[in-house]
């Protein structure tokens, strides 16, 4: 069956991890990171990530600007694969906190700013770059009021530019508010998915100890002009008097040459009733649940509408043809039309059959990765506390889904060709097709990022890591899946294929127009969720509606299957037997509308995005997303259509009836010799019923219309 093209390994890849995790799911918290309790006075060092902006999408290193250097020098934190690909660069910072001690401290005073530093500071300020600080794995949260609305941001700005002014002011004083919750150890078990990795910590045997947990981290930035002569006499972490953020510009620190900037900060610890397992709720609070429900209801209406079309049209036609089989042969010959006329061509090998097998194989791999990723995220395994975990998990799942891709593509190849010859070429193509496209696009974007000196460029060392993963994991597993595909039984066609292809009637309008139009239906299911996803990627907003995403994904799969089946049946009814590629692109064409919507989002919703470099980066990443969606949705539609067509002709048996006199034995039938082994006859209600098995329709029409 066509459904068996998807390897059983996909099932086990989902079932076994869930089984193992469900065995350990007894009294631990997901998602989260390693819980750390601090005693009063214990030092806590903050970290800083790359400078980011929603205007340029080009991350830069924190120390590319003239900020204070930590006493022990700059040290990079260990980063996973996802963090490196996302352009994160987490390093230590000079900001020091002491649990439950409120203090106001001095950091450093820069040397006089030169022309290059002033240019960088002004450019980063006007491009709205943010300083992303991290304390106990929590990003700093900032609240701002815009147009009377309280808006939540992460990070603090590099500087600000007052309205109707050409001067820029640097943020050199930060007020931190750290929310803490008093904790008493009770012998609990916690699973960790934090920066240090994933694992289970058992506290049951540890001595009960009281301490404080950090459950919130807020920052209030301001610009303060200090006396450089007075501050140069201070040392790092010396106490200074607390200051109020000035509203007058003459008391703020301007950015210009020869200015010396002094950096200070204040810390205030506030006790909170928020418990540690719920500390991420403030970051993951997302508005718009009603919009998501509206999207789901809209998709359900589309599904019911398409289901009605399928049931009413296809089932009605099948019933009508069954009624025709009970009439006389002459009447059936006159009324015979539609999809039954292409029975001898419906399983004819399509054009570019190897490319089709390759794209279906890659689609199975991407779909399997998406299903497992969304399931894990919906159940809370993809924790926001572990940066880059989602992308790292997607890459690992994609690599290990190579077995399913190789199996599906090679088995489809055997079904089309009837032989295993050439399966290695198919498996190798599957392993190289989509990764090759992604490699070419990312390399082109990397040259742009390298020219801009941003931290988002993929390092050469990471290229070798990705290449090693592909060569050592993806390629062998894909070849293994292909080998298993050669050992599996090919799918047997229910009818034979004629040697001479049937001519396809001319149509008033090109068929590709209908195929492209079909993509608008699954896009209607997807576009609302797509808006939230694009906003989380490009506007720095949190996205944690994975439950809604799982429902929308399931609805998208259903819509893609219905659209592809309806379109395939429509083409067969007009005697167009070249349905293979049309079935793939009927649902796969949704990717075209996804890419067009991405362009619309760039023009109308990302108006702050500045510069051609940022636009090229955005379009490059959007193109990768669109290609992946095309392969996934196209594969879903094709496999469903293949199963539908296979079922359609497997369940059909052409029958001829001949009237005879009562109590007569069956007369000898002068049938076409080619039909001798394909027919059986019996007497039924004074009629001879001649049943044809695996019968090409042109042979049936050559049979004499009456016998005596």
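From the backbone N, Cα and C atoms, a Cβ is placed for every residue, glycine too.
Here the structure is a predicted model, which means the values were calculated and not measured.
The range from 328-351, 544-567 that TrEMBL describes as transmembrane segment is residues 544-567. Among the ranges 243-270, 355-382, the one that TrEMBL lists as transmembrane segment is 355-382. The transmembrane segment (291-311) shares the most Cβ pairs under 8 Å with 544-567, out of the stretches 355-382, 388-413, 425-450, 512-538, 544-567. The stretch in closest packing with the transmembrane segment (512-538), judged by the count of Cβ pairs under 8 Å and taken from 355-382, 388-413, 462-484, 544-567, 619-645, is 544-567.
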